[in-house]
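Per Swiss-Prot, the feature disulfide bond maps to C31-C81, C40-C64, C56-C77; the stated evidence is sequence analysis. If you look up Swiss-Prot, you'll see 31-81 marked as domain 'BPTI/Kunitz inhibitor', on the strength of sequence analysis. Residues or ranges marked as signal peptide by Swiss-Prot on the basis of experimental evidence: 1-24.
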Amino acid sequence: MSSGCLLLLLGLLTLWAELTPISGLGGPKYCHLPADPGPCSNYRPAYYYNPASRKCEEFMYGGCKGNKNNFKTRHECHRVCVR
């Protein structure tokens, strides 16, 4: 391979690396909201995406209001927020 081809390949790889989202950063903006149990007290386990750990984690949801970073299963949280 000529040096020109190698430079082109290196440039394309660099561009690809810059444009490829880091896992978890490609999801909806609400995936970066904090866990919000809401004002009610009908507590049940739920899952939210934690951008600091880049994982879906369990929290206790009160059953009403809160925000959209709230999923019934870890699988659903992962499907929506981890990319």
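Any Cβ shown, glycine's included, is placed from N, Cα and C.
C56 (disulfide bond) sits 22 Å from C40 (disulfide bond), counting Cα to Cα.
Fewest Cβ neighbours within 10 Å among the disulfide-bonded residues C31, C56, C64, C77: that distinction goes to C64. If you compare Cα positions, C31 (disulfide bond) sits closest to C77 out of the disulfide-bonded residues C40, C64, C77.
Of all the disulfide-bonded residues listed here (C40, C81), it is C40 whose C-beta has the fewest other C-beta atoms within 10 angstroms. Each residue contributes its Cα atom, and for C40 (disulfide bond) and C77 (disulfide bond) these two points are 22 Å apart.
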